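All remarks here apply to the structure that follows.
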């Protein structure tokens, strides 16, 4: 088996990645496959932190457009990430993987409150740590959370799992001739106005020198290939 090139990673999974074909909620089969792929990394000795989005359940920005107060909508979105985190923790437990779910705000009896030193301790013990509830503040995306937590836990890389094979020069769903980039600099992403993640999240990663790799989590084995250094997806650094 190939050796990992990263010791510690922050894996960002969108809420949409958990959806089934009906486009709603959580597909247990997809969740279980992700848990098995994460287990592979743990067995290779990789320390894994996970940030989940909540877009499969709620999106604060969309609720705000419908007339709801944005702060209230974002709070609902944060709770959606906790629900996804509970589902992921359960799948990992059933795959015999030790996992800890942490929330940015107190949810006594459901999960632990985020604590930086405790998270580091758990990672060193090879427990998967799931970070939920975003940053705990409205107006910040879960991409921002992923970059923030990745920097805090001193991850080697933020792995952004998507439904496409990496970063393209245009939308591959609309243009079959879209070009896939293998390597990009932070400056190139900004200059070309490529849609990697929101600007706040991206500039946070850039300012702290946090590499980002974008790949297709829908491809079985892609996560392992990224971690073992194969040319999978797009690398930004």
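Every residue gets a Cβ built from N, Cα and C, even glycine.
Just so you know, the Cβ of residue 14 (ATP binding site) picks up 21 other Cβ atoms within 10 Å once every protein chain is counted. Following the DSSP three-state reduction, the secondary structure of residue 14 (ATP binding site) is coil. Annotation source Swiss-Prot lists ATP binding site at 12, 13, 14, 15, 55, 59, 162, 168, 171, citing sequence analysis.
The annotation region 'Involved in allosteric activation by GTP' is assigned in Swiss-Prot to 20-25 on the grounds of sequence analysis. Within the chain carrying the region 'Involved in allosteric activation by GTP' (20-25), a Cβ under 8 angstroms from the stretch's Cβ atoms is held by residues 56-57, all 6 or more beyond its ends.
Sequence annotations record features per position, and here Swiss-Prot assigns UMP binding site to 54, 74, 135, 136, 137, 138, 139, 140, 141, 142 based on sequence analysis. Cβ neighbour count for residue 139 (UMP binding site) (all protein chains, 10 Å cutoff from its Cβ): 13.
Proximity of residue 171 (ATP binding site) to non-local residues of its own chain (separation of 6 or more, Cβ distance below 8 Å) is seen for 178, given in sequence order.
Taking the Cβ of residue 55 (ATP binding site) as centre and 10 Å as the limit, one finds 22 other Cβ atoms among all the protein chains shown.
Using Cα positions, the member of the binding-site residues 135, 137, 139, 141 nearest to residue 55 (ATP binding site) is identified as 141. Packing around residue 137 (UMP binding site) is summarised by its Cβ count: 15 other Cβ atoms lie within 10 angstroms of its Cβ, all protein chains included.
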